[in-house]
Amino acid sequence: MSDRMTKPVLLIVMDGWGMGSGGPEDAIARANTPVFDRLWSDYAHTTLMTHGPYVGLPAKNDMGGSEVGHLTMGAGMILDQGPTRINKAFADGSFLKSKALTKVMAAVESGGTLHLMGLLSDGNIHSHLDHFKKLINFAFDSGVKSLRVHALLDGRDVGIHTAQKYVCELEEDFVFINSRDGFDYRFASGGGRERIVMDRDRDWSKVEEGWNLMVHGTGAHRFPSMISAIEHMRAEKPGLIDQDMPGFVVVDEADRPVGPICDGDAVVMVNFRGDRAIEITEAFELDEFDGFDRGNRPDVVFAGMMVYDEDRNLPALQLMGPTKVDNPFGRRILELGIKQFRLTETQKYPHVTFFFNGGYRKPLDDTMEDYILIPSDKGVSFSEAPAMKANEIADRAVELIESGEYGFGLINFANADMVGHCGRMEPAIAAIETVDGAVGRIVEALAKVGGAALITADHGNAEEMMVYAKGGAEEASTKHSINPVPCILFDPAYDGSYTLRQPDDEQSTQTQPGLAHLAATLFEAMGQPVPDDLLPSLIQRS
Ligand SMILES: O=C(O)[C@H](O)COP(=O)(O)O
Ligand SMILES: [Mn+2]
Ligand SMILES: [Mn+2]
């Protein structure tokens with residue numbers, strides 16, 4: 001061990017690990033978690049809010065997600081998130097007047113088709129149905145004659161079998177619009193978000209399949225309408241979750257695609273969140289591109305709802321500017337001369353990098369920041385390999401702690417979330433038990449060097465693996481929850497002289513313990529002065 005040993009303080013995010021009811025749907029309560037149980041009983045702990053106004057989301061019961069959660073943890077304050085800012089800009093009219101949207105509309109003025117592509121649901125994690133509707137109505141009001149929707153079906157941020165509901169809502173608008181002379185609005189292609197387009201781990205085959213369906217109108221599954229496609233897929237594979245639905249093209253009586261993307265068209269990616277929107281954006285925007293063979297790349301005006309990659313300014317045309325975090329935690333401690341690492345597997349790479357950094361994805365200073373990303377398994381369902389890369393992450397974390405070089409490290413364990421999104425109880429339990437063991441090895445290494453850790457989560461998921469309809473019918477739940485998450489301050493020198501602030505109904509959104517209080521808590525745990533623009537630390541000394 002180095003003799004200039006630094007005692008690291010870690011932020012360990014057990015992604016998707018919420019505090020549930022303890023009932024049969026609660027995979028976390030059902031799992032055997034001796035490490036978590038011991039930490040909870042021996043160290044100062046509390047629970048944190050991760051949803052709605054506590055993380056800057058528009059509605060009271062909006063679920064938290066990784067983007068808003070990590071951004072809030074890194075910001076140390078509650079900032080308006082993308083959907084909140086977009087809603088406000090729609091409400092005050094500035095969104096529809098933006099230069100970027102004006103350019104999109106101008107591109108199709110002389111007869112091109114406007115294509116809207118994105119996740120068709122009201123999950124509000126990656127996108128919102130209202131944004132589709134508002135853009136459709138605006139196109140209609142602006143006299144755009146031809147519009148096509150390329151719909152990514154959700155079933156991951158919303159109920160598992162809800163695709164039809166969202167499709168029907170837009171179909172209703174189309175019926176009205178198409179009753180006017182010369183207007184032709186419809187769906188052109190679709191498919192489950194886990195099958196096409198919304199990859200975030202450079203699995204280009206998924207993006208390629210989506211590209212071929214949307215751009216070239218080619219693909220084995222061809223249907224006369226969205227609804228017939230969804231009904232057919234469901235009948236063929238009962239129980240199929242929307243996110244896993246194979247991709248398809250909508251075709252006319254002569255089997256011609258009704259809406260391939262052609263030269264002179266405009267394309268809007270309606271998703272506001274970047275991690276799963278960036279790969280398809282690269283396919284549209286980059287001249288030098290080796291993800292897959294694009295065939296004839298159409299010459300289109302392409303716009304994104306927001307920026308998806310700030311470092312490369314992609315896409316070039318953004319309907320809404322980025323959410324700005326002026327002074328994220330990573331930059332603040334860099335300025336204090338504290339060396340830091342970020343560690344996770346690639347499925348969660350945006351989380352520990354550009355989400356936590358509130359924008360930038362590469363280290364600001366390579367000598368002071370190490371971003372370590374272990375490749376996630378590819379081509380398997382995480383429910384078949386629920387250990388994911390948790391053990392490899394723990395191995396690496398122990399090395400980093402023992403190196404004595406780092407004063408801070410952020411670790412994300414993907415398991416409870418990624419396996420939780422599959423909606424199956426047994427694998428979720430296995431996922432949680434793996435994370436528990438991995439955290440155990442990390443705290444053991446920390447104890448040896450006198451380091452500390454805040455152990456928490458960005459939002460719930462695996463503690464709610466089923467939802468119950470009225471009358472008791474149960475259905476698998478693949479989405480996040482709005483339950484609070486645990487927060488433990490592991491501190492081997494803990495002598496009971498402090499506690500962490502507890503939630504109670506009397507506190508305001510700003511003071512109720514939440515993700516926004518972690519940055520100040522970390523500063524305090526590191527023995528550093530807490531910057532006074534941050535929301536206060538959770539540590540209460542007696
Ligand atoms: O992208 C996903 O997998 C889900 O929509 C949200 O999960 P995350 O916010 O935990 O990444
Ligand atoms: Mn998450
Ligand atoms: Mn998730």
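Note that Cβ sites are derived from N, Cα and C of the backbone, with glycine treated the same way.
Taken from TrEMBL, the feature domain 'Metalloenzyme' covers 7-527.
Taken from TrEMBL, the feature Mn(2+) 2 binding site covers D15, S66, D458, H459. Counting every protein chain shown, the number of other Cβ atoms lying within 10 Å of the Cβ of D458 (Mn(2+) 2 binding site) is 33.
Counting every protein chain shown, the Cβ of S66 (Mn(2+) 2 binding site) has 25 other Cβ atoms within 10 Å. Annotation source TrEMBL lists active site, phosphoserine intermediate at S66.
On the 0 to 100 pLDDT scale, the model's mean across the domain 'BPG-independent PGAM N-terminal' (86-310) is 97. The domain 'BPG-independent PGAM N-terminal' feature in TrEMBL is assigned to 86-310.
The Cβ of R200 (substrate binding site) has 19 neighbouring Cβ atoms from other residues within 10 Å, across all protein chains displayed. The substrate binding site annotation in TrEMBL covers H126, R156, D157, R193, R200, R273, G274, D275, R276, K348.
The annotation Mn(2+) 1 binding site is assigned in TrEMBL to D417, H421, H480. Under the DSSP three-state reduction, D417 (Mn(2+) 1 binding site) is assigned to helix. In sequence order, D15, G16, W17, S66, H459, N461, A462, H480 constitute the residues six or more apart from D417 (Mn(2+) 1 binding site) in its chain with CB-CB distances below 8 Å.
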Please determine which of the binding-site residues listed here (D15, D157) has the lowest count of neighbouring CB atoms within 10 Å.
D157
Cβ neighbour count within 10 Å of G274 (substrate binding site):
28
Checking proximity to ligand 2 here: which binding-site residues out of D15, G274, D417, D458, H480 have their Cβ closer than 6 Å to it?
D15, D417, D458
Looking at the binding-site residues S66, R200, D458, H459, which have a C-beta within less than 6 Å of some atom in ligand 1?
S66
Annotated binding-site residues D157, R200, R276, D417, filtered by Cβ under 6 Å to ligand 3:
D417
